[in-house]
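Accompanying notes for the structure given below.
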Amino acid sequence: MRTLWIVAVCLIGVEGSLLEFGMMILGETGKNPLTSYSFYGCYCGVGGKGTPKDATDRCCFVHDCCYGNLPDCSPKTDRYKYHRENGAIVCGKGTSCENRICECDRAAAICFRKNLKTYNHIYMYYPDFLCKKESEKC
C-alpha cells in the first residue's frame, strides 16, 4: 500500500493516460513506474533512438511504435478506463482512441512483467548519448 501511495504522489500533475499506464505497470510488475521505467535503456521514457538494450527496453520500443500507429489520437493525454478481472488487465468501454491507447499500454505492462527476470539495473537512468545508432523501424 505504501508503494501505491508513493506512485500516486509521484504522478500528481501527470496528465492523461500516463497515470493509467503507471498504475498498470505497478500492478503488473510491483515496480515504481517512474524510477524503474521512465529512464530505462534507450526507449523507456521520452523519445528513443538506437537499438533497444534488452527485452525490457524492447517493450518500450514496441510501445512507442504502438503509439506511433495512433496518429489521430493523443496517447499521452487521452484518459481511458480499465479494470482487472482475475488479475488480468481489461480495457474499459470508451472511444476508439481510448481503447487503442489502453491496449498499447496493456501490452507494454504485460511485456514488462514477462521480462522482469532480465530487467537489468545497469540500464536504469541510461544516458542518452550511449544510444547512438539510428532507430530501428517499427
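Cβ coordinates are placed from backbone N, Cα and C, and glycine is handled just like the others.
Now, the feature entries from Swiss-Prot:
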| type | residues | note |
| --- | --- | --- |
| ACT_SITE | His63 | active site |
| ACT_SITE | Asp105 | active site |
| BINDING | Tyr43, Gly45, Gly47, Asp64 | Ca(2+) binding site |
| DISULFID | Cys42-Cys131 | disulfide bond |
| DISULFID | Cys44-Cys60 | disulfide bond |
| DISULFID | Cys59-Cys111 | disulfide bond |
| DISULFID | Cys65-Cys138 | disulfide bond |
| DISULFID | Cys66-Cys104 | disulfide bond |
| DISULFID | Cys73-Cys97 | disulfide bond |
| DISULFID | Cys91-Cys102 | disulfide bond |
| SIGNAL | 1-16 | signal peptide |
| SITE | Leu18 | site 'Putative membrane binding site' |
| SITE | Leu19 | site 'Putative membrane binding site' |
| SITE | Leu34 | site 'Putative membrane binding site' |
| SITE | Thr35 | site 'Putative membrane binding site' |
| SITE | Phe39 | site 'Putative membrane binding site' |
| SITE | Val46 | site 'Putative membrane binding site' |
| SITE | Thr77 | site 'Putative membrane binding site' |
| SITE | Arg79 | site 'Putative membrane binding site' |
| SITE | Tyr82 | site 'Putative membrane binding site' |
| SITE | Met124 | site 'Putative membrane binding site' |
| SITE | Tyr125 | site 'Putative membrane binding site' |
| SITE | Phe129 | site 'Putative membrane binding site' |
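Projection of Swiss-Prot feature records onto the structure.
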{"residue": "Leu18", "record": "site 'Putative membrane binding site'", "Cβ within 10 Å": "17"}
{"residue": "Leu19", "record": "site 'Putative membrane binding site'", "Cβ within 10 Å": "17"}
{"residue": "Thr35", "record": "site 'Putative membrane binding site'", "Cβ within 10 Å": "14"}
{"residue": "Phe39", "record": "site 'Putative membrane binding site'", "Cβ within 10 Å": "16"}
{"residue": "Tyr43", "record": "Ca(2+) binding site", "Cβ within 10 Å": "27"}
{"residue": "Cys59", "record": "disulfide bond", "Cβ within 10 Å": "25"}
{"residue": "Cys66", "record": "disulfide bond", "Cβ within 10 Å": "18"}
{"residue": "Thr77", "record": "site 'Putative membrane binding site'", "Cβ within 10 Å": "11"}
{"residue": "Tyr82", "record": "site 'Putative membrane binding site'", "Cβ within 10 Å": "22"}
{"residue": "Tyr125", "record": "site 'Putative membrane binding site'", "Cβ within 10 Å": "11"}
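Annotated pair Cys131 (disulfide bond) and Cys138 (disulfide bond), C-alpha to C-alpha distance, rounded: 17 Å.
Cα of Cys111 (disulfide bond) to Cα of Cys60 (disulfide bond): a span of 9 Å. Checking the recorded positions (Thr35, Cys44, Val46, Cys66, Phe129, Cys138) against Leu19 (site 'Putative membrane binding site') with a 10 Å Cα-Cα cut-off leaves nothing. Long-range C-beta contacts of Asp64 (Ca(2+) binding site), restricted to its own chain and to partners at least six residues apart, with a cutoff below 8 Å, comprise Tyr43, Gly48, Cys138. Taking each Cβ in turn and tallying the other Cβ atoms within 10 Å, the top scorer among the recorded positions Val46, Cys104, Cys131 is Cys104. In this structure, the C-alpha atom of Cys73 (disulfide bond) lies 14 angstrom from that of Asp105 (active site).
One way to see the shell of the Ca(2+) site is to take the Cβ centroid of Tyr43, Gly45, Gly47, Asp64; the remaining same-chain residues with a Cβ within 8 Å of it are Cys42, Cys44, Val46, Gly48, Cys60, Phe61. Spacing of Leu18 (site 'Putative membrane binding site') relative to Cys42 (disulfide bond) is 19 Å (Cα to Cα, whole number). Comparing the recorded positions Leu34, Met124, Cys138 on other C-beta atoms within 10 angstroms of each C-beta gives the minimum for Cys138.
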